[in-house]
């Protein structure tokens, strides 16, 4: 039976994703983040903690590198020749890039992290054995390991904070890897609602927690396949193509003025998050 | 250079000498055994604490997700390779001098693999789910990810461990029969009777034994090479700068043979001294072993240089930065210690007068292994400290005592296994030493005739 | 007619070889040369050549085991991956060939080694009960020749063995 399956569908099994021509069906979730709008306020990160039941590990564990911010605001400084050092701050919200060819997926020994049909990089907590190979192979180091059993650790959610835990999201025990999911719980609800009504998800119908919380609207999120979605328009305008590891922007007129880029694109991870370069000189 | 073995040793004497090593041990043996058990106890304690509390107590972090466990895992896997080199490659090349020393080298192979296997377990965040890595049929049709180098590791190590246990055992059957015929008391008699499978040394048994031994030796050579190449693939297949290097598999294999040979020298000196095996583990054999080690050390040095220079002249700026970081950053002392112990110190072995100087060789061989351990640590530690993504650089992370405790205990575990082996099984292959003596006698007998022909 | 077993022990290998060749040449009634068993402490092909062509079949087990191991591994791994189709991995095909070849290779070796051992046990007739005619000297330094023949042949055996300076001749009635 298995061998017949193997022989009959051989060409399907040899399909390479995403470089071969077989786009995602219906949905391909993607994001774009305008760094020019980002003020580094950390509201997205806080929203993520609240939405995804992330444990606040505390100062000591944080200092040991055990932090759990699925979405972190990275600060970079360009403060030479500035009157006030803080003027040179630049911010970069970094979360799992939901790569189309994610390096973490191939190396997981148990197949706990996979590419889903709607273009996400999924993480199956109850399959994970904690070899941490995925993090070792993630160039962005956007994966976070449960170094302790946080649900039973005191002061991770001091009362009454446990009341705000999101019932749609599991609380992870020790020894599993976790990462940004693009708020998959929201996506699932939106998709199933749309399916019930016999349509597909509208642009803007579903928002990630970080997007919702961003005061400047720097984050846009949506279905890249839907040409009318905001995110698809942005990608189109910036001439960033999902399945290219080198964007052909320099070839076009004024291509160098386009701001869109993906991080560490040269590693051929094909990330689903596009960043728009910062134009402002400083934070202030 | 003297002869490897005297041709006039009585065969009964060989039996007697080797069987003497199985007699009741001295007090010191028990003392060392207790120390080894205590060391294992430390590791078990650390592991229980880590298991209960979480991996965080080992002081890894989201930048340093791997640490000493993986470094020491490679170290032990590497050490296991020389047993195969001595028993399989030299067997195929009819190098007779391997015969008195291959048995304990093979035991070392087996036990260091068993030690390495434990590190995989210790490393896992959810040890209790380790069976997920194995391909077992289940009603959900969920399989391990066969693309992962860790699954290859699992397959390779399972194959290597079972094959080398079998190889060790099959090669030992004639010797177990000798034990059976000569030891008549207690549980040992029963053990040897069962394990020797009723071996009588008939021509039918020997004939099939010879071809079996040869066949398994042929299988073991590519297997050993593939095992360490696969361990190297854990790194070379990933995209971490400093790991993503094509020369990693041969580099790892050379390093493995190197540390294994150094360990064989160490154990050679110990066994020769403890069991008074001067007649069998002779100085000419040691000299050959030392020369082999020296050659492998130079191969390792060469591959090391290849790796550095290909990074240096390559266009991968990240990898280059990382190399500079290794050589100048907080890890620099360890890096240069690795170069010193791995490439400079073995130059001593080139001098004839040191090649048979046992106390010196003992010390040097231990330091060579320190160097090889540092090499593995230099692959893991600095790479995680200085990866692709600057924001995650973490130069100050240092493994906690829990990790050091487990690494420390692993040496106790190895010592424990090895010491028990030496007292239960003959650590010198009696029948092959006899063969060696026999071949030498034949050669001496035929020599004048050969001369006459000319 | 009842069969008798005789075991003669020799110290000198050349004498043992001579004894065997003589046994072979002497056409003793009720004795089949193929029943002669040589027992020796070491493996020495030189002495075994006088026994004539006795077949070794272990390598066929090896071949079968290795091929089966490799084939089985590839089929199982590839079809397991194919059943896991909903989960694409990182831009790789669902049945990626290079990793599967690695596993095929490992299982090729594993199958080869295991079935070789099985073949060894079968071909060498192990594990077995030791025959009553066995001397611990054989595992030390002496070579033994075990022959089986009719009662009438016993004297002829003994004559040949003593002629070649057998140290000891053990005798036992056959089953």
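Positions of Cβ are set from backbone N, Cα and C atoms, glycine also.
Curation plays no part in TrEMBL annotations; they are all automatic predictions.
According to TrEMBL, the protein has these features:
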TRANSMEM  B:28-51  transmembrane segment
TRANSMEM  B:66-90  transmembrane segment
TRANSMEM  B:111-134  transmembrane segment
TRANSMEM  B:154-179  transmembrane segment
TRANSMEM  B:211-231  transmembrane segment
TRANSMEM  B:251-271  transmembrane segment
TRANSMEM  B:292-313  transmembrane segment
TRANSMEM  B:333-351  transmembrane segment
TRANSMEM  B:358-381  transmembrane segment
TRANSMEM  B:401-422  transmembrane segment
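The stretch from B:28-51, B:211-231, B:251-271 with the most CB pairs below 8 A to the transmembrane segment (B:154-179) is B:211-231. Sequence-distant neighbours of the transmembrane segment (B:211-231) (same chain, 6+ residues past either end, Cβ-Cβ under 8 Å): 74, 77-78, 81, 84-85, 87-89, 91-92, 149, 152-153, 156-157, 159-160, 163-164, 166-167, 170-171, 249-250, 252-253, 256.
Within the chain carrying the transmembrane segment (B:111-134), a Cβ under 8 angstroms from the stretch's Cβ atoms is held by residues 47, 50-51, 55, 66, 69-70, 72-73, 75-77, 79-80, 144, 150-151, 153-154, 157, 160-161, 164, 263, 406, 410, 413-414, 417-418, 421, all 6 or more beyond its ends. Annotation: stretch B:28-51 has the most Cβ pairs under 8 Å to the transmembrane segment (B:401-422), among B:28-51, B:66-90, B:251-271.
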